Amino acid sequence: MMSSRRPAWVEAPNPVVTTAKGVVIGLILLIMIYPLAYVILNSFASPEATTTAGLIPSEWSFSAYSTIFKGGIVQRSLIVSILVTLVGTALSLAVTATLAYALTKTRQVPGMRLALYLVLLTMLFSAGIIPNYLVVKAFGLLDSYWSLIIPVLASAFNVVVMRNFFMQLPRELFEAARMDGAGELHIFIKIVLPLSKAVLAVIGLFYAVSYWNSFFNAMLYLNDSSKWPIQLVLNSYVLQGSAMSSMNNTDMYNLPSSQSVQMAVVVMATVPILIVYPFLQKYFTKGVLTGAIKG
Amino acid sequence: MDREAAVTHREATSIRSDPRSSPPSGRMRRLGQALRQHKVIYFLLLPGMLYFLAFHYLPLGGISIAFMDYSPFLGLSGSTWSGLDNFARLFDDPEFVSTVRNTLIISFLQIAFAFPAPILLALLLNSLLNERVKRMVQTVVYLPHFLSWVIVIAVWLQVLGGAGALADLFQQLGLGGVNVMANAETFKILLTSQVIWKDVGWGTIIFFAAISSIPTELYESAAVDGAGSLRRIWHITLPGILPVIVLLLILKLGDVLSVGFEQILLQQPSVGAEAAQVLDTFVYFRGVLGGDWGIGAAAGLLKGAIGTLMIVAANRIARRAGSEGLF
């Protein structure tokens, strides 16, 4: 493919304008990439190396990572985050897919239209922090890992995207299966789900990213710091630890407050997102647009 | 098992309508029939529906504590009603006034700067002829959207904080210390810059889609008529994406009272509440942490109600102005 073909009616590029655009784009890229590159590269600086604004540390070392993985709260919180992300994503996908499939039956099954409106309506309001907290408390989920999963089990937006996808599947396939005597459950599991791998993958990735990034729910519902996921540890170790030197919470991790260790914690919290990003990017343009407007 | 459930259901309906000795009403019978006929569909509906009822509708009952002298030990049933007392206390609270002011200033800054930024970036990228450069820039600018606020702020701290790269640079140049991240006066500008850094790329996606739906012939005939590239942007591209801009602006206006909750909560300790208390953090600090549940819930309810009114009003205005509106 010709990557820079110019349609006949477009003027030949003006060298001044092209240079100006190049400079602006170069600046944008620098502002976006430099902070991430700085943190990633300098997490490999040895603790003795003096930090500079340069990208390349004066002395390379893995000591920051070996400090983290000696055990202790960072390692434990990574395990918590991984488990919550895996279990949460699986449950969220299951609940979203079954609900979305049931909601495709608004014509055939009484009550489904009402159910669809009830789901859609939740996009317009939120009861607020305190009422949500009281419900989580009433269900006895405080200080339980389930408080990171169950209160955010499904999003109406994802249900709608998946329902739209199911609606587009060719009807003839279902009719043929029904003629052969297949029940609804059979049709859902053996026909609908295998045809929907793409949408399941996208929505699964979005759920996974939101479980991995979840911060405030964990802060609200988990008092016991030994249950904290990585985002919470990152907050109290890097954000609050460096913002308020008077806080003595850096002691409890038994971690040296060296900058490279801080950066290594940031990197560990970021790596899973970087790993799934190429897959995400392949799909999300489509995902955002289906139903982004007029849900 | 499913048949048993259906049978017990039929019994239940007949028991309910039994005392008057009339036969089960047609409606009930039809419901029973539907349940039996579509039991798999109802079964698939159940977990998701229970979730939405329990965690989106049930909490609405908790709003009542905005009108209560609520104590967690007494619970909802044990606490006494206090009418509009919580709201009266709220409006007498000097911190609430500065909270509302902070929220509105931050919102205004974001509408003025963070809202147009993706439009400008989309126009710039759209004017690039080289597809490969365009795609590479997109890959880079979309990424920060997927990072959590904790990560974004941690990264910014490493670059702009008191021990960060910028401070190191200043030290080397003999300019003394600098800590952009803990400056209360410029905090609101910092917040807006962070929002732009994180979401400017993500925001372009929707404008790209709008731009690509403009027919190429329009540009072609404008070019034939002698319109240069800037005039084509002004007279074709911008009018073409105006409906999307209006729609997103409506959404933004409806959300004017909620500004980056996590983003601000995380940074409040380093700049202080005077500069960084907004409605959502007020609810959290006064209600959940401070234990004044009633005033927190009152502030939350006020915010939610005004937000809903705003979005309905903005939608009506947009429709009157000739846009399609949101609903």
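Cβ atoms are placed via backbone N, Cα and C, with glycine included.
Bear in mind that TrEMBL entries carry predicted annotations, made automatically and left uncurated.
Sequence annotations record features per position, and here TrEMBL assigns compositional bias 'Basic and acidic residues' to B:1-19. Summarising the annotation, TrEMBL assigns region 'Disordered' to B:1-28. What TrEMBL lists as transmembrane segment is B:40-67, B:104-125, B:146-167, B:200-220, B:232-251, B:293-314.
Through the fold, the transmembrane segment (B:200-220) approaches residues 114, 117-119, 121-123, 125-126, 138, 140-145, 232, 236-237, 240-241, 243-245, 248 of its own chain, all at least 6 residues removed from its boundaries and within a Cβ separation under 8 Å. Sequence-distant neighbours of the transmembrane segment (B:232-251) (same chain, 6+ residues past either end, Cβ-Cβ under 8 Å): 111, 115, 119, 123, 126-127, 206-207, 210-211, 213-214, 218-219, 222-223, 311, 314-315, 318, 321, 323-326. Counting only same-chain residues 6+ beyond the ends of the transmembrane segment (B:293-314), those with a CB under 8 A from a CB of the stretch are 62-63, 65-66, 68-72, 82, 85-87, 89-90, 93, 96, 99, 249-251, 253-258, 279-280, 282-284, 286-287, 326.
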